[in-house]
Every structure is written in structure tokens, then in C-alpha cells.
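Got these off TrEMBL a minute ago, pasting:
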type	residues	note
DOMAIN	12-215	domain 'Neurotransmitter-gated ion-channel ligand-binding'
TRANSMEM	218-242	transmembrane segment
DOMAIN	223-454	domain 'Neurotransmitter-gated ion-channel transmembrane'
TRANSMEM	248-269	transmembrane segment
TRANSMEM	281-303	transmembrane segment
COMPBIAS	342-357	compositional bias 'Basic and acidic residues'
REGION	342-375	region 'Disordered'
TRANSMEM	438-456	transmembrane segment
Amino acid sequence: AVESAKGKYAHMLFNELFEDYSNALRPVEDTDKVLNVTLQITLSQIKDMDERNQILSAYLWIRQSWYDAYLRWDKDKYDGLDSIRIPSNLVWRPDIVLYNKADDDFSEPVNTNVVLRYDGKITWDAPAITKSSCVVDVSYFPFDSQQCNLTFGSWTYNGNQVDLINSLDSGDLSDFIEDVEWEIHGMPAVKNVITYGCCSEPYPDVTFTLILKRKSSFYIFNLLLPCILISFLAPLGFYLPADSGEKVSLGVTVLLALTVFQLMVAEIMPPSENVPLIGKYYIATMTMITASTALTIIIMNLHHCGSEAKPVPQWAKVVILDYMSKIFFVYDVGENCTSPKREKEEECRLEGDDGGQRRHKEVRSPLSTRNDDSNLKEKLSGNWNKSYGVHGENANCCSCYKILIKNIEYIANCVRDHKANRAKGIEWKKVAKVMDRFFMWIFFIMVFFMSVLIIGKAA
């Protein structure tokens with residue numbers, strides 16, 4: 001019975017209030033009086049942040065409250081009825097819009113009910129999905145922070161007609177749904193009064209600044225960490241043996257892999273002059289890998305220097321073969337880097353079993369080889385003199401011995417030249433091996449410091 005009585009008074013109140021009411025005019029008794037509109041924004045969810053198009057999509061609850069001078073009543077005459085809820089299109093509403101709206105849809109606000117109190121206060125809560133323009137700075141992507149403004153103001157009424165008042169010093173974040181990509185670090189609100197060039201009247205607006213911090217874990221594990229791991233493969237190309245034929249292929253493969261990641265980042269980022277931090281890392285790494293591939297080609301040319309090449313310069317012998325080879329633990333070509341002495345002892349023992357004379361000839365210097373040639377000629381001449389005598393009856397064999405001696409000298413000279421050329425090629429291979437180790441450590445240090453630098457930006 002009580003509810004029926006209140007419903008009866010509500011119908012009566014509604015008919016009396018809107019009998020001569022018009023929602024077209026500003027509801028003030030004096031036209032020179034300013035109508036104050038209190039604005040409060042509640043952020044419910046961040047739907048999307050489109051960095052490439054610089055658009056922020058957010059789900060907001062917009063609360064506006066004002067006093068209507070023509071919608072008041074004495075609640076005692078209506079059985080204590082102090083408020084009613086009516087459709088919002090029946091009352092006058094301020095034309096407050098989002099100034100930096102970036103949506104193609106210019107539809108009207110959601111036609112929700114308003115709460116009308118007996119003293120004329122109208123409270124209008126309306127949900128809205130807004131798309132606002134946001135200047136995105138991607139210089140430190142993926143460790144960046146963004147500040148997006150949401151500016152609300154009246155579209156036609158100036159500050160002398162409708163004035164905006166902040167309900168709170170910031171947006172309400174109590175009902176915010178946690179986002180998977182962004183952290184909210186605040187939403188301060190500031191009131192601005194701007195005079196535009198078209199009009200002399202001031203136009204107030206309220207700007208809510210949404211402070212966002214990107215959660216970088218996704219990009220670290222999917223874009224940054226693979227790049228760091230791939231970058232550490234580039235210096236290993238110098239450790240790869242030159243005879244394998246895969247040194248240049250490894251560098252080109254790593255370069256192509258980084259190019260794919262660079263294209264993925266370019267698709268996300270806006271085409272601006274600010275290169276993101278991860279993009280700078282990719283470019284620096286690609287430059288380093290290009291340089292390492294070029295150096296690999298040069299070092300391979302040194303490795304394959306044959307017998308026709310010039311001898312290794314004296315300064316290179318001193319600096320590279322004597323000092324740098326000891327610093328980088330580079331042994332002779334063909335030796336095992338872990339136990340060179342043991343393998344050399346085994347080689348000597350095996351060669352001693354097969355024949356000590358052959359090993360002795362291979363390791364002797366060219367001077368001893370020449371002495372052996374002269375000794376061989378003396379022995380041949382002495383044996384011939386002892387056997388036949390200089391004026392013996394077999395004097396014709398002298399010419400045979402001379403031809404034999406010349407052939408032996410020719411063979412000895414060929415072997416000596418071959419050993420010299422082979423030693424020259426071995427020296428160039430050792431130079432190439434030392435340079436490989438040198439650049440390997442240089443590029444390892446560069447990759448390490450580049451990785452530490454970009455990770456330090458996240459701290």
C-alpha cells in the first residue's frame with residue numbers, strides 16, 4: 001500500500017514538473033547566471049593502445065551533476081518523495097564532449113536515466129567507450145611511459161554560461177580492471193580556461209592526464225631476449241674453422257634473423273623520427289654483424305694465401321705471431337689447443353718408429369739441407385774415386401754420377417722451395433687464426449656491453 005501511494009505521487013509529480021518544461025534552454029532563472037556542472041570521470045578499463053595510429057581506447061563512467069531551477073518540488077506535498085529517475089532526454093543536458101576524440105562515430109551519448117532530486121539537483125551517470133588521440137613517445141620502447149590526455153568541455157556554451165568544476169583532483173581508479181599490458185600510475189585532473197581565436201569568451205575544460213607504464217615482460221621474452229641470444233652467435237663465427245666454409249653463411253643467417261625482428265618492431269611502432277630503444281639495439285647489432293662478416297671475408301683471404309703470396313711482414317711476425325698469439329692462446333695450425341706438447345711427443349714417437357731419418361730430414365733447416373747435399377756429393381765422389389779411380393777404365397761412369405748429383409740437387413732445391421712456400425702459407429694461416437680470436441673477443445665485449453646498456457634502461 002505504501003509503494004502504491006509513492007507510485008501515485010511519482011506520477012503526479014512527473015506530470016506537474018514536465019507540464020510546461022522545455023529541455024531546449026539552459027535551466028537558470030537568470031540568463032546572466034552561470035550554471036555550474038560538476039564532472040567526475042571513473043576509468044574502468046583500457047581497451048586498447050594503438051601506438052601506430054596513436055589512439056587510446058578506454059571504457060569510462062562519466063558522471064555529471066548540475067542544478068535545474070525548474071525541476072524542484074516540496075517533498076512533503078508528495079508523501080516525502082525526494083528523488084525520481086527519469087530518461088535523460090527529457091531534461092536539459094550540458095553538451096560536454098571529449099575534445100580530442102579520435103573516433104569516426106559521432107553518435108549521441110548513451111541515453112541512461114538521470115536521478116532528479118527535490119532540490120533540483122540532477123545526476124547523470126553514463127558509460128562511454130572513448131577513442132582519444134594520444135601523442136605516443138616510443139623512444140624507450142619497450143620500457144616506455146606514456147601520458148594520454150582526456151579533455152572534456154562544453155562544445156557551445158562558454159564559461160559565462162556553463163562552468164566546469166572538478167569533483168575530484170584526479171580520475172577515479174577504484175573500479176579499474178587491471179590491464180595486461182599497461183600499469184596505471186595516476187590520473188590527475190586539471191581545469192583549464194582557454195580563449196580561442198574565434199571567440200572572445202573563455203571556454204573552460206577539464207583535462208585528465210592518464211599516466212601509463214608499459215609492462216615490458218612480453219617484449220623482453222619475445223623481441224629482446226631472442227635478439228640478444230642471436231647477437232652472441234655473431235662473434236662465434238670467428239671461432240668457426242676457416243676450412244669449414246660456413247663462416248660467412250653464419251653471419252648472413254644471423255643478419256637475416258635480426259632483419260625479421262626489426263620488421264616486426266617496425267610494424268608496431270608509428271613511422272616517426274623517434275627510433276625506439278629496441279630498434280636502436282637492432283640497428284647497432286646488425287651493423288656489428290655486417291662488420292664481422294666483412295672482417296671474416298678479409299681474414300679468410302689471409303687464411304687462403306698460398307705459395308704465391310708475399311712473406312708475412314716482420315712487424316706482423318713480432319706483433320701477431322709472437323705476442324698476440326700468446327695472449328689469445330693460439331697455437332700452430334694443426335695443433336690441439338688443449339695439449340699441444342703431448343700430441344707433438346706422440347707424433348715424434350710414431351715417426352721414430354717408422355724411420356728416424358725421414359723425420360730428421362723434415363725438421364732440419366735449409367742450411368743443414370745444403371750441408372747434407374755437399375756431403376752427399378763428397379761421398380759420391382769419394383766412393384767413385386775409391387772404387388774406380390779418377391783415371392780408371394770406367395771413366396765413362398763419371399758423367400753418370402754428375403747427372404745423378406745434378407738431379408739430386410734439383411730435387412733438394414724443389415723440396416727446399418716447397419718447404420719454404422708451405423711454411424709461408426702456414427704463417428699466413430696462423431696470422432688469420434690470431435686475428436679471428438682477436439676479433440671474436442672484441443665483438444663478444446661489444447655485444448655484452450650493448451646488452452647491459454639496453455637492460456639498464458629498464459631499471
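In case you wondered, yes, glycine gets a Cβ from its N, Cα and C as well.
Looking at the shown structure, can you explain where the listed features end up?
Same-chain neighbours of the transmembrane segment (218-242): 141-142, 181, 250-251, 254, 257-258, 261, 264-265, 278, 281-282, 285, 288-289, 292-293, 295-296, 299-300, 303-304, 429, 432-433, 436-437, 439-441, 443-444, 447, 450-451, 454, 458, counting only residues six or more beyond its ends whose CB sits under 8 Å from a CB of the stretch.
Within the chain, the transmembrane segment (248-269) has long-range Cβ neighbours (under 8 A, six or more residues past its boundaries) at 51-52, 138, 141, 223, 226-227, 230-231, 233-234, 236-237, 240, 276, 278-279, 282-283, 285-286, 289-290, 292-293, 296-297, 300.
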If we skip the immediate neighbours and take only residues 6+ beyond the ends of the transmembrane segment (281-303), which ones have a Cβ under 8 Å from one of its Cβ atoms?
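Tertiary neighbours of the transmembrane segment (281-303) are 224, 227, 231, 234-235, 237-238, 242, 247-248, 251-252, 254-255, 258-259, 261-262, 265, 275, 428-429, 431-433, 435-436, 439, 443, 446-447, 450, 454.
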